[in-house]
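Participant: The site 'Transition state stabilizer' annotation in Swiss-Prot covers 15, 22, 256, 355. If you look up Swiss-Prot, you'll see 146, 199 marked as site 'Positions MEP for the nucleophilic attack'. The region '2-C-methyl-D-erythritol 2,4-cyclodiphosphate synthase' feature in Swiss-Prot is assigned to 224-379; the stated evidence is sequence analysis. Positions annotated as 4-CDP-2-C-methyl-D-erythritol 2-phosphate binding site by Swiss-Prot, on the basis of sequence analysis: 230, 231, 232, 256, 257, 278, 279, 280, 354, 355, 356, 357, 361, 364. Sequence annotations record features per position, and here Swiss-Prot assigns divalent metal cation binding site to 230, 232, 264 based on sequence analysis.
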């Protein structure tokens, strides 16, 4: 028996939020699609069906570990394209799986393959246990008997020659490959599905999926707290850069880079949470290449380092301490810029300001200080 796995990820759905197709969004430190591919590692050859515009992304993410196939205008066309790519091979069994189901247990896949020894098709499903209603105009119009009803899952498995012929003969518009198979007269066995095998569709599904992954690893949540502090003195100039935003002022800030005191404090907070020292360790002020450098370079490095270590940024809080300039009118733009660099939602970033009540060097308007706090959450 030679197995091929077809992972269908050609959709453009953004119901899960953030404007990015869900298969490319991060899940526990890796894109959803990478997690899905990993679930079938070692089983056989893997074909990943992508939207034509995403072929470059697929190559960057998966390289030569899989065969990339350009999808069609419908799911059925996408699957057929992958099946056609297998014609002439030695494949005898094919598993067709949703790219947005990254948590399929190996036991489910094994059950599907075992069933194919006695039937031309097999698919996992869970019996419907909730009460079912029929609705009309927002009102309950009746109830539906749930006896014999199932929630379909994937991978849906078939003997290769039969499902290829079925797709070639199907007129199109099928909800899934079981419908295509049944249209061709093929019997499809139901094998037990699994609650972990959820299809990521909406934003809350990501939190549920990450919880399942943590439970599988036997890990409690790894939460780290980092603090950062920075100070820069005023010098001659007509503006300051705070949290990536140019703010008009009667003075500038003195520093080896662009002296963005808020971004420096936040960057140090991330490094601190990772036990990675401070900016000076990674970007020494003695190195002339960083003279006048934009501070987003430092923050971007820290955020990517956190991600590479398996952490996501839970939230960031930056406090700027100065008498002038006024930060309030620019705070929203500052938070948005920090969020953009760290690739997190703006709602997870806070920028605010306070004074030292005319005390100390900030009270004497000799410079600006900043304190930042960040939480890192392990995947």
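Glycine residues also receive a Cβ, built from the backbone N, Cα and C atoms like all the rest.
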Participant: Out of 146, 257, 354, the recorded positions in the record, which is closest to residue 22 (site 'Transition state stabilizer') when you go by Cα distance?
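Facilitator: Going through 146, 257, 354 one by one, the closest to residue 22 (site 'Transition state stabilizer') is 146.
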Participant: Taking 8 Å from the centroid of the Cβ atoms of 230, 232, 264 as the cut-off, which other residues in that chain fall inside it around the divalent metal cation site?
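Facilitator: Once 230, 232, 264 are set aside, the remaining close residues are 231, 253, 255, 259, 260, 261, 262, 263, 265, 368, 369, 370.
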Participant: To the nearest Å, how far is the Cα of residue 355 (site 'Transition state stabilizer') from the Cα of residue 256 (site 'Transition state stabilizer')?
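Facilitator: For residue 355 (site 'Transition state stabilizer') versus residue 256 (site 'Transition state stabilizer'), the Cα atoms are 25 Å apart.
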Participant: For residue 230 (4-CDP-2-C-methyl-D-erythritol 2-phosphate binding site), identify the closest of the recorded positions 146, 199, 264, judging by Cα separation.
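Facilitator: Checked the recorded positions 146, 199, 264; minimum Cα distance to residue 230 (4-CDP-2-C-methyl-D-erythritol 2-phosphate binding site) goes to 264.
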Participant: Which number gives the other C-beta atoms within 10 angstroms of the C-beta of residue 354 (4-CDP-2-C-methyl-D-erythritol 2-phosphate binding site), all protein chains shown included?
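Facilitator: For residue 354 (4-CDP-2-C-methyl-D-erythritol 2-phosphate binding site), the count of other Cβ atoms within 10 Å is 13.
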Participant: What's the number of neighbouring CB atoms sitting within 10 A of the CB on residue 355 (site 'Transition state stabilizer')?
Facilitator: 13
Participant: What kind of secondary structure is residue 356 (4-CDP-2-C-methyl-D-erythritol 2-phosphate binding site) part of, going by DSSP in three states?
Facilitator: coil
Participant: Where does residue 199 (site 'Positions MEP for the nucleophilic attack') sit by DSSP, helix, strand or coil?
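Facilitator: It is coil.
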Participant: Among all protein chains shown, how many Cβ atoms are found within 10 Å of the Cβ of residue 356 (4-CDP-2-C-methyl-D-erythritol 2-phosphate binding site), not counting that one?
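Facilitator: If we count other Cβ atoms within 10 Å of residue 356 (4-CDP-2-C-methyl-D-erythritol 2-phosphate binding site), we arrive at 14.
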Participant: Over the region '2-C-methyl-D-erythritol 2,4-cyclodiphosphate synthase' (224-379), work out the mean pLDDT and round it to an integer.
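Facilitator: Summarising the region '2-C-methyl-D-erythritol 2,4-cyclodiphosphate synthase' (224-379) by its mean pLDDT gives 92.
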Participant: If you compare CA-to-CA distances from residue 256 (site 'Transition state stabilizer') to each of the recorded positions 146, 199, 354, 356, 361, which comes out shortest?
Facilitator: 361
